[in-house]
Amino acid sequence: MAASASGDKAADDSLYPIAVLIDELKNEDIQLRLNSIKKLSTIALALGEERTRNELIPFLTESIYDEDEVLLALAEQLGNFIPLVGGPEYAMYLIPPLESLATVEETVVREKAVESLRTVAGQHSAQDLEVHLVPTLQRLVSGDWFTSRTSACGLFSVCYPRVSAAVKSELRINFRTLCQDETPMVRRAAAGKLGEFAKVVELEYLKSDLIPTFVQMAQDEQDSVRLLAVEACVSIAQLLPQDEVELNVMPTLRQCVNDNSWRVRYMVSEKLTDLQKAVGQEITKNDLVSAFQFLLKDSEAEVRASASAKVTEFCVNLDKTCQEQIIMTSILPCVKELVADTNQHVKSALASVIMGLSPIVGRNNTIEHLLPLFLIQLKDEWPEVRLNIISTLDCINDVIGIQQLSQSLLPAIVELAEDSKWRVRLAIIEYMPLLAGQLGQDFFNQKLRDLCFNWLNDHVYAIREAATLNMKKIVQTFGTQWAETNIINQILVMCKNSNYLYRMTCLFCINALADVCGADIIERLFLPTIKVLSTDPVANVRFNVAKTLQKLSPFLDQAAIDEHVKPILEKLNTDTDVDVKYFAAEAMVSSAAA
């Protein structure tokens, strides 16, 4: 009797996890259902491998009808379920629920289900793949709804390499069928996976089966299909011998360069440097240079901007024997036109890379042809264009030295430093240490130092914070002796400012400069200022004094800590403000340890 009761109790206990799961998955609260799905691995562990296969997975397969958020979580969980069903030999048990998820309407759920199916497929043996996954793929291919057929496209490349020749033939036929599907969404999905599938197909079938399909897709009535065919173009060109690229790929590529849809031309522009590497130097010289010129002069600004951003990379990859000649005769005339483009995004894209041409064309060509373009862009009406030129100054500095640009640089820097948009001011601050190093101490002291101090008094906190770090980097560039002579006294004067925010900025600067200035300057110059600020009427300033002393203590010897730091902290430790007392006590502990 007792044994029977204990057996019933054990049976009830073993049923408990799945009963709870059923209750939670039927709950009206979506968050509860979502949490339940996220705990599936825990439930599977409680059930054990056999019951997970025989009870949990069938239950999940039957109950796939929920909010997209829950289904997405389920698709993700099932991809990690292989160890929980007993390992790779039982991986096929995960296919039914994932197959159902791969047919739902929501795209992100389908994509996650296909991703998990690909993971599961990788764990199948070649035999299991043919027995379980290939039939799944074929069911998806012949599904009534476009959703299943789009999902099928993602599974060909994982199945194909490990199946028999007869099955491979079927898969190639199935893939071609999807490429000719009446639904644009399916053709688009197939075009997106064409390059991936091409990489696993044998060369003879690539030429006989997939290249005709590729040519056909590049002429599809939907531009969303044609632009994805451009991506496949790169993969196919990489797989073919050089002499066959001209025959099988280039006619289609030329057609895409002249496509009526700007989105297709944009995709060609985005993939052009990848194509350049895939097709080799001869085809680049004969075909891609003229294609690139065409894209740089495109009627659509988006295409010109994309092509402009590729100028330097394209030129770097040119054959070294004719590189300079091609740049000077074919590319540079287009670049000169783009500098005066009516669209700010085109000019900005060009400004971010144009400096990279300097090392390629050499000193004389840079001075004669590129320097005038840099000067035009430094005076451009758009801040982003000027910023992008300044951000890449190191390229030209290595070729001709920055002094050639210094007089034109200054007005551009001043305008950006005083721009009404704080993000523009923030961006130029980040380039100031680079400019300081390249322009030298004298130029910095005369022209740029006052800008750096103005930033310390900016009304936006992010600018003041960046300006303090900027000061530290400049001191690292010019040294502590320069700092003591040129900036430290002006920073310390801020402790007398009537606005407490600027008095705090003085402390932040001390904090930042402590790392690079050393114990002597800290003791002689910083500590007296900190002592003044320790009696500040604003509690925020006083507790920042405590935090600053905590930061400075490791740089000081014991005598200096006892003489200067401890008396200030002891006084702050008796402050009426709770925060000041807290930070003072923390600093006292740290200074004692130091």
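Each residue, glycine too, has its Cβ placed from N, Cα and C.
Here TrEMBL flags 17-55, 94-132, 171-209, 210-246, 249-287, 331-369, 370-408, 409-447, 526-564, 565-594 as repeat 'HEAT'.
Note on the repeat 'HEAT' (526-564): DSSP counts are 32 helix, 0 strand, 7 coil. Broken down with DSSP, the repeat 'HEAT' (210-246) shows 30 helix, 0 strand, 7 coil.
Nonlocal intrachain contacts for the repeat 'HEAT' (526-564), taken as residues 6+ away from its ends with a CB within less than 8 angstroms of a stretch CB, comprise 492, 495, 500, 503-504, 506-508, 510-511, 513-514, 517-519, 571-572, 575, 577, 579-580, 582-584, 586-587, 590-591, 594. Per-class residue totals from DSSP over the repeat 'HEAT' (409-447), listed helix then strand then coil: 34 helix, 0 strand, 5 coil. Taken as a whole, the repeat 'HEAT' (331-369) shows an average pLDDT of 87 in this prediction.
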